[in-house]
Every structure is written in structure tokens, then in C-alpha cells.
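Novice: Could you have a look at this structure, given as C-alpha cells, before my questions?
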Amino acid sequence: MFDFQSPIPTLSPGASSFPHHRATLRLSEKFILLLILSAFITLCFGAFFFLPDSSKHKRFDLGLEDVLIPHIESGKEGRHGGEQSLRDKIRADHERALQEAKQKLRKSKKALLHEIQTEKARVAQELKKKDVPRSLPPVPMPKLVGVNDGDPGEPDVKEKRDKIREMMKHAWDSYRQYGWGHNELKPIAKKGHSTNIFGNSQMGATIVDALDTLYIMGLHDEFKDGQEWIEQNLDFSVNAEVSVFEVNIRFIGGLLAAYYLSGQEVFKAKAVQLAEKLLPAFNTPTGIPWAMVNLKSGVGRNWGWASAGSSILAEFGTLHMEFVHLTYLTGNPAYYQKVMHIRKLLAKMDRPNGLYPNYLNPRTGRWGQHHTSVGGLGDSFYEYLLKAWLMSDRTDAEARKTYDDAIEAIERHLIRKSNGGLTFIGEWKNGHLERKMGHLTCFAGGMFALGADGSPGDKAGHYLQLGAEIAHTCHESYDRTVLKLGPEAFKFDSGLEAVAVRQNEKYYILRPEVIETYWYMWRFTHDPKYRQWGWEAAQAIDKYCRVGGGFSGVKDVYSSNPTYDDVQQSFFLAETLKYLYLLFSSDELLPLESWVFNTEAHPLPVLRRICGSSPANEQAVRL
């Protein structure tokens with residue numbers, strides 16, 4: 001204990017004041033420690049006397065309590081016995097803490113400082129251990145076919161493919177020179193760029209997003225540069241709040257695809273490291289994840305603009321492909337269980353007119369605003385239902401049935417034909433159909449074609465035709481502009497068809513969805529018009545979006561002298577250029593029987609049942 005009568009040395013004039021300073025410091029430190037000890041004792045006694053009666057707190061019931069809330073015996077005897085046990089535990093903890101505090105206070109300042117430094121070093125070491133990837137179990141590699149070459153044979157088609165490859169090289173080299181390590185590139189300002197979906201960190205989004213495109217194009221030196229940066233610099237233990245959806249489709253999807261294509265273990269290890277950082281986003285009352293999560297703290301939240309604090313259908317519904325592969329590669333069933341929980345929750349919910357609203361509150365499990373879209377906010381949810389079935393080697397019948405039911409409702413309520421004969425997909429808002437279609441919605445043409453085989457009844461031909469009609473409509477949205485590039489959204493009323501009306505819908509930001517549909521339609525029909533339309537788009541991009549420092553979006557596709565937005569999006573390298581390259585390649589390159597593309601165009605192999613795999617792996621393979 002302290003001796004408050006300890007003399008303080010007196011100093012003669014001119015003597016150094018350092019001894020006096022040390023003695024005063026020692027006294028003040030002891031005083032502060034006593035205050036802390038007093039506060040701790042008060043807290044312990046407060047907890048003992050004022051601890052609330054747990055029986056007064058009611059549990060909410062979402063029909064998920066067995067999963068979400070541990071079972072507690074609530075009988076009368078059990079409750080009183082539990083309270084007594086809790087009081088005894090608090091007394092024991094209090095006595096132990098008091099003894100530890102007394103022992104600490106007997107130590108010298110030097111010993112205390114040494115103890116603090118030792119503890120800091122131990123904590124730092126533990127944090128380092130957490131960031132070291134665990135060794136992953138060996139799993140059978142799915143059969144991989146068509147990972148390179150894809151020579152189209154015809155010289156004129158090969159020439160077009162070589163041009164797309166040159167565009168990719170220009171985009172990559174510019175990023176390499178002016179934005180290396182940043183998430184994206186400002187090609188006119190010639191510097192790095194980022195948005196709030198990546199938080200405030202430089203995570204090299206363009207590098208990760210572009211890896212598989214570089215690989216299939218045979219740009220192996222560039223691929224190695226990207227791999228080296230990832231090995232040395234990609235760090236997920238940063239204090240950054242990121243979009244769960246975006247980092248899943250771009251980073252986890254990109255890293256998994258790079259792993260499967262190249263066999264380099266670093267990509268798998270990094271994908272698993274990041275996935276573990278995303279899991280806290282699922283810590284909500286319903287298991288529907290938050291839109292954003294802090295990679296360091298694990299704290300999640302939703303976008304402020306989303307309906308009444310809701311999560312977004314296209315975000316929490318676009319995790320299945322990547323998470324199933326994570327379970328397959330790691331043997332950890334948690335990833336598979338998270339996405340299957342989402343599916344089962346949605347299956348229990350009522351759907352207005354059979355449609356899925358875009359907003360769902362993760363706290364209450366109730367729908368938000370009744371707004372349904374096959375474009376932004378909804379799009380990839382439907383895509384992943386179909387692709388879950390395809391990725392399971394067509395064994396996930398539940399996913400296929402859910403997809404078919406959803407598409408039937410979309411056809412009934414959202415798909416219409418304009419006065420001019422153009423088939424479009426509108427948006428359902430509170431019981432009213434808005435006759436507007438977004439560029440993002442244009443992916444659906446490819447989705448309908450991809451899902452045609454396996455449709456219920458005799459509808460395969462119908463859905464292939466529907467895909468062709470959507471492709472035609474989206475091509476018209478390009479063809480009716482000055483630049484021959486499509487606007488962000490276009491209307492079908494007041495005599496205007498497939499044309500943007502508002503100024504803030506006239507921009508083109510290097511989006512891939514229309515070209516994506518051209519590629520799927522080419523694969524399923526080999527109609528030469530799809531290659532022709534794709535080449536028109538490639539030429540327009542090269543003419544109007546190419547600048548000295550890369551490629552930039554444009555603000556008005558109806559202006560002959562457009563201004564640039566000065567952003568080279570990472571998805572331009574991941575999707576737009578990849579789909580163009582595949583359009584002018586043979587079908588042997590990444591055949592659709594063996595590969596399924598995630599919504600960021602990252603190819604993941606079909607998981608066929610493999611004898612001898614672990615139960616967790618087999619569960620993932622079989623879904």
C-alpha cells in the first residue's frame with residue numbers, strides 16, 4: 001500500500017529539479033491508480049446489487065430463435081438457482097480482482113512499465129497471428145477446361161479480338177503508370193481514384209478485378225505484376241468501412257477466379273482472409289447482412305439512403321456463388337450456412353404479387369418500400385438464383401424453382417412491349433409500373449438465354465426469344481444516341497422509346513451489361529449480328545472514351561462533344577473488355593458447361609460431386 005507520509009526531497013538552490021519531478025510523478029501515479037481501484041470496486045458492488053432480473057426481458061420471435069438466440073432454461077427453480085450462481089461468480093471475480101490490484105500496487109514503477117510493455121508485445125503478436133492465413137485443407141480441384149487460347153480461327157475476327165486485347169493493355173498500362181495500388185484511376189488527371197464502396201483504403205481494386213482478364217488474354221507479365229502487388233501489399237486488416245456486396249463480387253470473386261485459373265495459392269489465401277472479415281456483417285437479428293462492414297472492428301451498418309434502414313436485395317442476394325466456393329475450398333460450412341439461411345428466410349416471406357421488393361429490414365425481417373426492379377437494387381439476386389443451380393451442376397432444384405417462380409412474376413408484372421414493338425422490363429413502384437429501363441437491366445437478356453435450357457414446361461424457346469428481344473431493345477438504346485453508346489436509363493412513353501429524358505440519365509460509365517447480353521446470345525445462337533453489335537460498341541468506346549491516360553466515362557451520349565467523368569472503373573477491365581474478348585473468341589474459351597460467371601464476370605468452375613471429398617466440401621458441391 002501507499003505511504004502518504006513519504007518525504008519529498010528538498011533541493012538546494014541551483015540543484016537539478018529532475019528528482020523532485022520524479023517524486024511528484026510517482027505520487028500522482030499512485031493517486032490515479034487508487035482512483036481506478038476505487039472505481040473498479042464501486043462498479044463490482046453496483047453490478048452485484050443492481051444486476052437486472054433477466055426474466056423481465058422478453059425475447060423477440062422471428063421464427064429463428066433456435067438459430068439466433070441460445071436456449072436458456074426459464075423454469076422458476078432454474079432461474080433462482082441461476083441468479084444465486086451469478087452472485088457467487090460476481091463475488092469471486094470481485095475478490096480476485098481486488099487481490100490482483102493489491103499486488104499490482106506493490107510493484108515499482110519500473111516493474112509496472114515492464115509489465116505493460118510485455119502485455120503490449122503479446123497483444124501485438126496475437127493480432128499478427130490472426131492475420132496469418134491458416135493452412136487450408138487440400139481439396140480436389142474441379143475439372144478446369146478452356147482456361148486459355150480460344151483462337152476464333154477467322155482472320156477478321158482474330159483482328160477484332162487483338163484490338164480488344166490492345167484496349168485492355170492500354171487500360172492496364174495507364175493504371176500501372178498513374179494509379180498503381182489505388183482502387184481505380186482518373187485517366188485525365190492521371191492519378192488514383194476511389195469511392196466510398198472501398199472505404200478510405202487503397203486496396204488495389206483494379207488489380208484484383210483485372211487479374212482473370214489478363215490471364216485469359218495471355219497478358220502473363222501484367223498478371224505477374226498484379227500477383228506480386230497482392231502478395232506484398234494487399235492487406236485487409238485496415239480501418240476501412242467497405243461495401244460487403246462490392247468487395248465480395250470484385251475482390252473475393254476476382255481472387256477465387258485468379259486462383260482457379262492460375263493455381264496460385266496466394267489468391268485463395270487472400271480470398272479467405274477477406275471473407276473472414278466480412279462474416280461480422282451477418283451479425284444482425286435476422287441474419288440478413290449489413291450493407292457495409294468495418295474490416296478492422298467488424299461493425300456493420302446500412303446505407304443511409306436505403307428505405308428505413310433496409311438491406312438491399314441485390315446486395316445480400318449476391319453472395320451465394322462466392323460463399324459456396326469458400327466452403328468448398330476451406331471446409332468451413334459457415335459460408336454456405338450464411339447464404340442458405342438468407343434463402344430460407346426469403347422463402348418464408350410473403351411476396352406482393354409474387355415479386356421480391358428491393359428492400360428488407362435486417363432488424364425486423366420485414367420488407368421496406370415495395371419497389372421491385374430487375375435493374376439496380378434487384379438485378380443480381382435473380383442472376384444468382386439461376387447461377388446457383390448451374391454452379392451445382394444443375395442439382396440445386398430449390399434455386400431453380402425459386403428462379404422460375406420469380407421470372408414468372410416478373411413476366412406477368414414488369415415485362416411489356418412498347419408501341420414501337422420494343423420489349424422492355426419496367427420497374428414496379430407501389431403498385432404502379434414505371435415504363436423505364438436501366439442499362440443495368442440489360443444483363444437480363446443474357447440471363448434469360450442462359451436459363452432457357454431447364455425452363456419448366458416447353459418454355460426454352462420462349463426464353464431464348466425473350467433474351468433476343470431484350471438484346472434488341474438494348475441495342476436500340478445504343479443506336480439512338482450520337483455516340484452509339486447507351487445511356488444509364490431510358491424511357492418508353494410520351495412517344496419516346498429507348499431514349500434517356502433526364503440529363504442525369506444520359507451518361508455512360510463504361511458499363512458492360514449490354515455487351516454481356518450480346519456475348520450470351522452469341523454463345524447460344526451464333527447469330528452474327530451479336531458480334532457486329534459488339535464491335536460497334538467496342539469502336540465507340542475506343543473513339544469516345546479513350547484518352548491518353550486510359551479510358552473514361554462520358555456525361556452525355558447524345559452530345560457530339562461530350563465531357564468526361566474522368567474515372568476508369570475497375571469493372572471496365574473485369575467485365576466490359578472481358579466480354580468483348582470472349583465475344584470474338586471461340587466457344588472453347590471458358591465454356592459455359594464448365595464455368596459460371598459471377599456478376600462481376602469472374603469465372604468460377606461448376607462444382608460437380610467429387611467422391612472422397614470432405615463432408616463440408618461435399619455439402620457445398622451438392623448444395
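Keep in mind that glycine also has a Cβ here, set from the backbone N, Cα and C atoms.
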Novice: Region 'Disordered' per TrEMBL sits at which of 106-131, 132-157, 184-209, 392-417?
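Specialist: Of the candidate stretches, TrEMBL labels 132-157 as region 'Disordered'.
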Novice: Say which of C442, C545 is recorded by TrEMBL as the disulfide partner for C474.
Specialist: C442
Novice: Of 87-122, 339-374, which span is tagged coiled coil by TrEMBL?
Specialist: 87-122
Novice: Pop the Cα-Cα gap between E513 (active site) and C474 (disulfide bond) into the table, whole Å please.
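Specialist: Rounded to the nearest whole number, the Cα-Cα distance is 9 Å.
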Novice: Helix, strand, coil residue numbers for the region 'Disordered' (132-157) per DSSP?
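Specialist: Summed by class, the stretch gives 3 helix, 0 strand, 23 coil.
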Novice: Restricting the comparison to the active-site residues E246, D379, E488, E513, which residue's C-alpha is spatially nearest the C-alpha of C442 (disulfide bond)?
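Specialist: The answer is E513.
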Novice: Calculate the distance in Å between the alpha carbons (Cα) of E246 (active site, proton donor) and D379 (active site), and round it to a whole number.
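Specialist: Counting only the Cα atoms, the answer is 14 Å.
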Novice: Whole-number answer please: how many Å between the C-alpha atoms of E513 (active site) and E488 (active site, proton donor)?
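Specialist: Given the Cα positions, E513 (active site) is 11 Å from E488 (active site, proton donor).
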Novice: Around C474 (disulfide bond), how many other CB atoms lie within 10 A of its CB?
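Specialist: Counting Cβ neighbours of C474 (disulfide bond) within 10 Å gives 29.
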Novice: Count the other Cβ atoms sitting within 10 Å of the Cβ of E513 (active site), across every protein chain shown.
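Specialist: A count of 23.
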Novice: Return the residue, from the listed active-site residues E246, D379, E488, with the maximum count of other C-beta atoms within 10 angstroms of its C-beta.
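Specialist: Of the active-site residues E246, D379, E488, the most buried by Cβ count within 10 Å is D379.
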Novice: For the coiled coil (87-122), would you mind checking the mean pLDDT of the predicted model?
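Specialist: Over the coiled coil (87-122), the predicted model scores a mean pLDDT of 74.
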